[in-house]
Amino acid sequence: MILLGSTGSIGTNALEVASHFDIPIESLCAGKNITLLNQQIAHYAPKNVCIADKNDAHKLINGNYKLFFGSEGILEMIESSHSHLLLNALVGFAGLKPSFKALQCNKKLALANKESLVNAGWLLQNADITPIDSEHFGLWYLQNNRPITKLYITASGGAFRDYPLDKIALATPQEALKHPNWQMGYKITIDSASMANKLFEILEARWLFDIESIDAFIEPSSSMHALIEFADGSITTHISTPDMKLPIAYALDKDKAAQMPFIQPLDIQSLCLALKNIDTLRYPLWNLKDTLLHTPQKGIVLNASNEIAIEAFLAQKIPFGHISALILAMMEYFDSFKFASLCDLESIQAFDNQVRAVSSQWLERKIKE
């Protein structure tokens, strides 16, 4: 297996599942957590290793592996790897080109990088992709080739689900990172607090299941992951212990996954499930759901401005409320852009750069106010 993003929460879980399935690890890619990467190299003995920064090379342990660097190094490593299975758990726009390279090299793509579909779903719509996400796994698990009327996914509500409404706008990174149910990376935890993550997942579902009728609810326990309303009027739901090992296992080997208990079963009698509407006063980004489903190419604006905002937020340059404010401002600014012109990776990259530049200028003005 080729694993991109091996030191993150998805990556470490994927390695654990791969060990259960006796899947050898041919290639590992990681960012700045060299200490954990060294442990993985020692344990899994990969033939290829890629790190983000060449200056970190001296920190790596010795081994019989070929070393690659940076974004171009990821693409080179994919090309030189013989494994048929690639799991992309990179964070952000950086995961887009590796997804395309994997498919160009006829790899089976297990996709945890949401931004690949958010930024270029129309170019990937007919590709062989297995999503690694509890919500999309739940939808896949339920669909069973029956005619579908509507898809529903659930949200935890993030760190500010029960937070005083008047204090959210000025919240700090420390407060935004207190997720009630999951232990995840910084970016996805903040995306959960702002509801940007659920917008990403709505767009993913749009491309994966080729349907525009999609909605989401808050389900505080994170035990109910997805619901499908079928043409016959019935609704089914996928309920399980919140544990990413289950969707990862099915993405790596669905036949083996169906035979092995990777998660603890829920105590059904103790379940207390409630579906709540997503309040746009608490989550102003949720106002974008319909426009994104209607023009999903606008996901590029959502993603690029969000990444710029989160970088500034984590650096404590802006309060939490500026994340939504920036994204909403950029969606309005680029509303008249000819999104139909985004027909290849080059045009998507150029537009992404443009959105980032305008977003940075907007933030600079805000910071000076």
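Cβ from N, Cα, C; glycine included.
What Swiss-Prot records for this protein:
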- Thr7, Gly8, Ser9, Ile10, Gly31, Lys32, Asn33, Asn113, Glu115, Gly185: NADPH binding site (BINDING)
- Lys114, Ser134, Glu135, Ser156, His179, Ser192, Asn197, Lys198, Glu201: 1-deoxy-D-xylulose 5-phosphate binding site (BINDING)
- Asp133, Glu135, Glu201: Mn(2+) binding site (BINDING)
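All features noted in Swiss-Prot, drawn onto the structure.
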{"residue": "Thr7", "record": "NADPH binding site", "CB count, 10 Å": "22"}
{"residue": "Ser9", "record": "NADPH binding site", "CB count, 10 Å": "17"}
{"residue": "Gly31", "record": "NADPH binding site", "CB count, 10 Å": "18"}
{"residue": "Asn33", "record": "NADPH binding site", "CB count, 10 Å": "16"}
{"residue": "Glu115", "record": "NADPH binding site", "CB count, 10 Å": "27"}
{"residue": "Asp133", "record": "Mn(2+) binding site", "CB count, 10 Å": "26"}
{"residue": "Glu135", "record": "1-deoxy-D-xylulose 5-phosphate binding site", "CB count, 10 Å": "25"}
{"residue": "His179", "record": "1-deoxy-D-xylulose 5-phosphate binding site", "CB count, 10 Å": "19"}
{"residue": "Asn197", "record": "1-deoxy-D-xylulose 5-phosphate binding site", "CB count, 10 Å": "24"}
{"residue": "Glu201", "record": "1-deoxy-D-xylulose 5-phosphate binding site", "CB count, 10 Å": "27"}
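Here the CA atom of Glu201 (1-deoxy-D-xylulose 5-phosphate binding site) lies 23 Å from the CA atom of Thr7 (NADPH binding site).
The separation of Ser9 (NADPH binding site) from His179 (1-deoxy-D-xylulose 5-phosphate binding site), Cα to Cα, is 14 Å. Surrounding the centroid of the Cβ atoms of Asp133, Glu135, Glu201, where the record places Mn(2+), the chain contributes additional residues within 8 Å, namely Lys114, Pro131, Ser134, His136, Phe137, Ile153, Phe200, Glu204, Ala205, His225, Ala226. The closest partner of Lys114 (1-deoxy-D-xylulose 5-phosphate binding site) among the binding-site residues, by CA position, is Asp133; the full candidate set was Ser9, Gly31, Asn33, Asp133. Using a 10 Å Cα-Cα cut-off around Glu201 (1-deoxy-D-xylulose 5-phosphate binding site), the binding-site residues Ser9, Gly31, Asn33, Asp133 reduce to Asp133. For Lys114 (1-deoxy-D-xylulose 5-phosphate binding site), the Cβ neighbour count at a 10 Å cut-off comes to 26, with all displayed protein chains included.
Between the alpha carbons (Cα) of Glu115 (NADPH binding site) and Asn197 (1-deoxy-D-xylulose 5-phosphate binding site) lies a span of roughly 10 Å. For Glu135 (1-deoxy-D-xylulose 5-phosphate binding site), the spatially nearest entry among the binding-site residues Ser9, Gly31, Asn33 is Ser9, judged by CA separation.
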